[in-house]
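Trainee: Have a look at this one.
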2 protein chains.
Amino acid sequence: MDAIGFERHDHSSCIRAGLDTVERACTDRGLQLTPVRRRVLELLLEGHRAMGAYEILDILRDEGMGSQPPVAYRALDFLVSHGFAHKVERLNAFVACMHPDQNHTPAFLICRACDAVAEAHADPARGFLGQAVRDTGFVVEQAVVEAVGLCPSCAAEAHA
Amino acid sequence: MDAIGFERHDHSSCIRAGLDTVERACTDRGLQLTPVRRRVLELLLEGHRAMGAYEILDILRDEGMGSQPPVAYRALDFLVSHGFAHKVERLNAFVACMHPDQNHTPAFLICRACDAVAEAHADPARGFLGQAVRDTGFVVEQAVVEAVGLCPSCAAEAHA
DNA sequence: CTGCATATGTTATATTATTACATGGAGAAG
DNA sequence: CTTCTCCATGTAATAATATAACATATGCAG
């Protein structure tokens, strides 16, 4: 388990790495990473935060890449459905996935003060859902954890 | 940990029990369980599933209890903010809480075939978020787990 | 009675998301 | 080379979800 999002890091290299990983995954799986899809992913990686569909659409429009909601939603659906991005339901917003090449149950840490979002991941096999779920007979296909609280820097300020 | 939602049970008694519990909690905490709030809770308990705000509003309107969105949203906000109901973000819908008197991290099991929702709960103390989260220094105030899959009866059908 | 806090009623609007249908391009089948 | 089909895109219209802002009650404390 690891978490990326709050600690400092070389941002431009993480954007490149993210794009590279997804490009490779698309080639491997025969998926088309079209210009719009690629640009949307890049925006999410650059933003390094949860972005709304309309926020993305505004940028696409400015860049002449389409101006109607479905353009953004379709690109986002593509990214989400192939695991290259996630939707943070709590915020109705989207984030690039930080480990697009592994199967995982994302856990989002959402700062209620600054809206930063970090992605950790929980291992379903380690039973974070517990015995009770298995007892119900429910077949879990996909799960997300969304936690709201304070990121380290906002928590520090709150103490001040 | 337990889960309520898929197994058969005495429905009318669970509605009564839910209302009773919340009534007591309101008395204890000096909260007003007004007619609208009470009726909305009752609808959620009766429905025993995730219901949309506008679905609830339609019923309230038919019953002459207010016809504009804020009426429903305010009642739902009251219930959610005091832990008597939860919002299932994935569905933009609300469910009555099955254990309104305990602090808990709800885990929703959402059937993608029939939309039934069961509420289990995960124990944050048992570390379902894992060490990584503690390592980030993020202060979790509240968390939910939303799992999508197949409920027992839909899973049985799928096998058939 | 006055003032305050809380809840409700109502209008309008903001935000998020989808439906439906037309257009275009790339590769396979003929 | 053409036609067909699949997939992606463009666009208009609208649906579904949610909130802002302001007016009106109602209960209770001073």
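Glycine too: its Cβ is placed from the backbone N, Cα and C atoms.
As listed in TrEMBL for this protein:
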BINDING   B:CYS111, B:CYS114, B:CYS151, B:CYS154  Zn(2+) binding site
Trainee: Taking DSSP as the reference, which of helix, strand or coil describes B:CYS154 (Zn(2+) binding site)?
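Mentor: DSSP call for B:CYS154 (Zn(2+) binding site): helix.
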Trainee: If you count CB neighbours within 10 Å, which one among the binding-site residues B:CYS111, B:CYS114, B:CYS151, B:CYS154 has the smallest count?
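Mentor: If we count Cβ atoms within 10 Å for the binding-site residues B:CYS111, B:CYS114, B:CYS151, B:CYS154, the smallest count is at B:CYS114.
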